[in-house]
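Trainee: What follows is a structure written as structure tokens; I'll ask about it next.
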Amino acid sequence: MSSVSVPPPKCLQKTFVAPRRHMFGPGPSNVPPRILAAGAEPVIGHMHPEMLEIMSDIKSGIQYAFQTENNMTIAVSGTGHTAMECAIFNAVEPGEGVLTAVNGIWGERAAEMAERIGAKVNSIVTTAGGYFTSEEIDQALAKHKPVLFFLTHGESSTGVVHPLDGIGDICHKHNCLFLVDCVASMGGAPLYMDKQGIDILYSGSQKVLNAPPGTAPISFSERACTYFLLLSMSFFLDMTWLANYWGCDGKPARIYHHTAPVSAFYALRESLAILAEQGLENSWQRHREVAEYLHEGVENMGLKLFVKDKNARLPTVTTIVAPPGYDWKEITSYIMKNHNLEISGGLGPSVGQVLRVGLMGGNSSKASVDMVLEALRDALRYCHKSKV
């Protein structure tokens, strides 16, 4: 007579095989064989000397990708949302002011996170597809006097790459930290953390880096480190603990904090190695050229690009105005079913307005563009179009 009342699930008695697809949405992107192989290496202990060496390599790779010499540079065990919370939870106390720039979903998310820890949150808002001038930011900082200003560099929900030059200086004039989300832009668009005066910068592993989701690069300037709280709102994301685990605090001994995702760190290290081999400037140029090739093809089909300003178009994620008369969900479903290819609809303020095509890292090629354009042409031929 068995002592267990819940039987083994039948679904787990079948072998699972993941489908192979062209991941041309806003992320995650396809993981190349070299990175998959790295992630499949034998697991070692998260405190073993070899693991600490891998973490040191990751730190160097992030410093290169971010173009920073910040010592306080690590990879958080979690996705980009985890890094967003890590940044806010370690720099802001309840009752302090936070200003978020909202031109898509990520400014909204940052505002919600700050509100949840009791910060006094204000936002500047512009239409989806737009961005803010330095004058608008300066005026908002003077009015609200926050300790932290949040801005998204690569807004994947709307396809905007936001200008960064000069904003760090404006923030520092107002004694405010400058926090930037570069999840969708790192490696795909020019970014200089130190030169642009960015105090906290974070990204994700699953976009241009082509690693599996689950690790998030983040870096803090010396100025930002002075804001670290004596007791963070989160134990898991407490930078005083994480700094020790990553060897950033200068102490001779590292203390156990959490069991790091060892295999994910293998993959992240390999992805950063590939970016270093290719060279940042080469990666930036390739993403720009491929995006322009896609833009030309889309417009030649009679479709419109959502972001009007050519200089503000994110090279990694292109937003196409949803074709009038079509159901965007039918288009994306048709393309997935008939071309085994993922593109997606809008997110947050762009829902129902756009189709989003993400060509990042190894997926950023003219061959990928040709596949997307053919799939779109096919979908527009066969999907239902209303007469309205």
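Cβ coordinates come from backbone N, Cα and C, glycine included.
Note: TrEMBL annotation is automatic and uncurated.
The following feature annotations were taken from TrEMBL:
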- 44-356: domain 'Aminotransferase class V' (DOMAIN)
- Lys207: N6-(pyridoxal phosphate)lysine (MOD_RES)
- Arg356: substrate binding site (BINDING)
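Looking at the shown structure, can you explain where the listed features end up?
Mentor: Its Cβ placed at the centre, Arg356 (substrate binding site) has 25 other Cβ atoms within 10 Å.
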Trainee: Over the domain 'Aminotransferase class V' (44-356), what is the model's average pLDDT?
Mentor: 96
Trainee: Between Arg356 (substrate binding site) and Lys207 (N6-(pyridoxal phosphate)lysine), find the distance joining the two CA atoms and give it rounded to the nearest Å.
Mentor: 14
Trainee: When a 10 Å sphere is centred on the Cβ of Lys207 (N6-(pyridoxal phosphate)lysine), how many other Cβ atoms does it contain?
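Mentor: Around Lys207 (N6-(pyridoxal phosphate)lysine), other Cβ atoms within 10 Å: 29.
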